[in-house]
């Protein structure tokens, strides 16, 4: 078995037209929108949460619900949670956190997710227990449980990332 000669090329530092000079790593994308965030797992998770909350709201709103208070509570919780997730999505998408430094955005988002997930879980349980034979309320509660799971997943991923970051920084 014959092996041919191998040629190893290295870049020269002469700065000529054929040289490969090291450039600094790319910084944040210029412009108004943060395209990297829009394609991130966190942003896609927020979009999935917003879609499931909106579908749950529409299902409950269009149902002929025998229990008015359960459906109204579910509608209020889903809309408040949807609006807050949308606010956080736009804050990160438009990089508003750089201008509004007086707010600890990760802490605010964590508190929102903790309180919002708990209220959404309660609203979904109440909607399920009061649904009787209302298909719209059952469907809305199902999407409420899906949104609760997605919010809990978001909390877990955020906490996991912050713990890994802290333990890595502490080891250095």
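Every residue, even glycine, has its Cβ placed from backbone N, Cα and C.
Pulled from TrEMBL, these are the features on record:
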- 37-163: domain 'MARVEL' (DOMAIN)
- 1-27: region 'Disordered' (REGION)
- 37-60: transmembrane segment (TRANSMEM)
- 72-94: transmembrane segment (TRANSMEM)
- 110-128: transmembrane segment (TRANSMEM)
- 135-159: transmembrane segment (TRANSMEM)
Candidates 37-60, 110-128, 135-159; stretch with most C-beta pairs under 8 Å toward the transmembrane segment (72-94):
37-60
Non-local residues, at least 6 beyond the ends, that sit with Cβ under 8 Å of the transmembrane segment (135-159):
41-42, 45-46, 48-49, 52-53, 55-60, 62-65, 67, 70-71, 74, 78, 81, 106, 109-110, 113-114, 116-117, 120-121, 123-125, 127-128
DSSP residue counts for the domain 'MARVEL' (37-163), split into helix, strand and coil:
106 helix, 0 strand, 21 coil
